[in-house]
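Taking it in order: structure first as structure tokens, then the write-up.
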Amino acid sequence: MWTTGRMSNAKSWLGLGTSLYFWALMDLTATVLSSTPMPEVELETLFSGRSQSHQRSKRSWVWNQFFVLEEYTGTDPLYVGKLHSDMDRGDGSIKYILSGEGAGIVFTIDDTTGDIHAIQRLDREERAQYTLRAQALDRRTGRPMEPESEFIIKIQDINDNEPKFLDGPYIATVPEMSPVGTSVIQVTATDADDPTYGNSARVVYSILQGQPYFSVDSKTGVIRTALMNMDREAKEYYEVIIQAKDMGGQLGGLAGTTTVNITLSDVNDNPPRFPQKHYQMSVLESAPISSTVGRVFAKDLDEGINAEMKYTIVDGDGADAFDINTDQNFQVGIITVKKPLSFESKKSYTLKVEGSNPHLEMRFLNLGPFQDTTTVHISVEDVDEPPVFEPGFYFVEVPEDVTIGTTIQIISAKDPDVTNNSIRYSIDRGSDPGRFFYVDITTGALMTARPLDREEFSWHNITVLAMEMNNPSQVGSVAVTIKVLDVNDNAPEFPRFYEAFICENAKAGQLIQTVSAVDQDDPHNGQHFYYSLAPEAANNPNFTVRDNQDNTARILTRRSGFRQQEQSVFYLPILIADSGQPVLSSTGTLTIQVCSCNDDGHVMSCSPEAYLLPVSLSRGALIAILACIFVLLVLVLLILSMRRHRKQPYIIDDDENIHENIVRYDDEGGGEEDTEAFDIAAMWNPREAQAGAAPKTRQDMLPEIESLSRYVPQTCAVSSTVHSYVLAKLYEADMDLWAPPFDSLQTYMFEGDGSVAGSLSSLQSATSDSEQSFDFLTDWGPRFRKLAELYGASEGPAPLW
């Protein structure tokens, strides 16, 4: 059975002080677990409070815990407690073993006596307790003498950690003029010590800096305003230092501090005020509408939305001539021109401008009216202005038959300045390119310069200029619109050529054609035309004219029995007159053709030649004749085609020396080069086609391209001869050093890809700075050997082909 040796340990601490000995007796116990219940023992309490009266109390020992103070700083190991077994006779036969958390590292045990010591500094904030196991063994045999027991060593807290503000420093805002006690912010400090033991973790708050403006609640850490009517405009920023002290703020407690930066936010507690009660401004009388005259400014000590201004003109004789707008960026009032100014009419204006806050707070209205006024004097300065027309627009109506030089309007302008300079008038020629009008330079009389024609130009829009004599740069202008009135100066006429048809079997009174007329004039009451036969045809026996009284007329026959063989065409002159003053008329001719018609009245033929054929020739006979002619034409074409495809003899006679050019026109060719071909007849010379004949050197500089013969070989022997001849000519051309290369495109039976040699015109001069390599010329054969020697990099001989 395990027993404790804690009583002797408590007595050994008597030298440390009576109170510590009492604390050790009451709170520090060491117990060991046992398989049997542990009896209650009586422990005499040596001290109780300050009365030091002796008392006796019963207490039940809890044998499974040890208590040890943290942060021990002595040089010797800290004694924790003692383990003892009832089977230990003190002869050293029992061996005590300690295992578990921190065994051998933090805690050690004397295996003979069972004394437990702490060999490292203990920190409760790092680890609050350790769980270990104890066992008693027979030293000689190693056999367990007691069952293994578990116990706990708890680390007793001491005040070794100061309070800390984990969220500091703090930033807070509170409105200015806030009542006393307004909450600003709450600060919180934490203490790492054990809050369940003593006062080590009990924190008390106090303010070290910031009085008398702010206070702090000692328990909650809430900061509040302590002074009324704190004005942001007087002081905006405050730095408050808060202290948190443990041990309930008692002497010896640890403390920590933090800084709280408090800003007073703005409220609208300051009315706007104009620092300048009178403004003097000036503006030119020629200033355009909305141009700026000047600026006024009302100062407001507030900021942001509380400093926004609104400017208005509340009084003055210039309220209708000027306007004021608020610049929201700079909170100034901008005075602008509202209507045109005139120095001659009014030389000065007075305005009363008010500046006010649009956003008000009711609780600060007692601080005074949140508006202010100022007076603005504006002087209008004289400028040299251009002449002004009265009225500002002219509309003139003039008949088109007005004579040249007639005055149609008097244009008037005057100088608005006090000097009243003389004025010269003119017409902007860009507005009157036809030069139909001119204006008197002095009087401004507008007159016609050319005949007017309403049918050509019915409206004229011109611009008349007025210029000061003393200052030609001052020019005024006015628009003049001239409407040309119509007079009856155009006769009516047919709108188109009329051609009518009449059947041979037409009856008297039959309608042939309805005609109408047009007139370029435009009378007020509209057009009205009158139709009749011309005087020279008044007694026409064939046709008559009936006026429909709606600007149209009908052409009717007077008789029947028209014959195409007798007269196939009639020309009927018709007189057309208008209703204008004076009356104008013209004569139009109606062409009437006589046609043969069937019984239904449909026109069959209007050509008189058909009646010249014999009467016995019917329509079927005529068709037969045309068919025979067509067959004969087909036979002729077949014969010509067969003759063109007739076979020619294989051998060309020596006497025949006919050459033809094969020209193809169904593809896109090369122009005149398409007419060039080869004379294949020359290839039939057997003397030059001999196999052993030496090639001749060409002496000409330009090869002649002859025409291609229309005879082609058709036997194998002939083909062999031609092939040999072509090879010989090819070899001769390749070996001829004097034959120049030709860069040309020949179109034969197809559209080719061009010359593989490229264009020699693209070769650059050897004296140029080009770094192009011309070594490829050596691969083009003997004809380009000279170029390869001149332009190639290699000096050696070109390869032979």
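Backbone N, Cα and C define each Cβ position, glycine as well.
Look at Swiss-Prot and you will find 166-274 tagged as domain 'Cadherin 2', backed by sequence analysis.
Taken from Swiss-Prot, the feature domain 'Cadherin 3' applies to 275-389. Helix, strand and coil content of the domain 'Cadherin 3' (275-389), in residues and according to DSSP, is 10 helix, 53 strand, 52 coil.
Annotation source Swiss-Prot lists domain 'Cadherin 4' at 390-494.
Residues or ranges marked as domain 'Cadherin 5' in Swiss-Prot (evidence: sequence analysis): 494-610.
Per Swiss-Prot, the feature N-linked glycosylation site maps to Asn261 (among others). Within 10 Å of the C-beta of Asn261 (N-linked glycosylation site) there are 13 other C-beta atoms, taking all protein chains into account.
Non-local contacts of Asn420 (N-linked glycosylation site) by the CB criterion (under 8 A, 6+ apart in sequence, same chain) comprise Lys414. Feature annotation from Swiss-Prot assigns N-linked glycosylation site to Asn420 (among others); the stated evidence is sequence analysis.
For Asn461 (among others), the entry in Swiss-Prot reads N-linked glycosylation site. With a cut-off of 8 Å between CB atoms and residues at least 6 apart in sequence, the same chain places Ser431, Ala479, Val480, Thr481, Ile482 near Asn461 (N-linked glycosylation site), listed in sequence order.
Per Swiss-Prot, the feature N-linked glycosylation site maps to Asn542 (among others); the stated evidence is sequence analysis. Every protein chain considered, the tally of other Cβ atoms within 10 Å of the Cβ of Asn542 (N-linked glycosylation site) stands at 15.
Among the features that Swiss-Prot reports, signal peptide is placed at 1-34, with the record citing sequence analysis.
According to Swiss-Prot, the feature topological domain 'Extracellular' maps to 60-619, an assignment based on sequence analysis.
Swiss-Prot lists 641-801 with the feature topological domain 'Cytoplasmic', giving sequence analysis as the kind of evidence.
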Asn461 (N-linked glycosylation site), DSSP three-state class -> strand
Rounded to a whole number of Å, the separation of the Cα atoms of Asn261 (N-linked glycosylation site) and Asn542 (N-linked glycosylation site) comes to 122
Taking DSSP helix as H, G and I and strand as E and B, the domain 'Cadherin 4' (390-494) has 0 helix, 47 strand, 58 coil
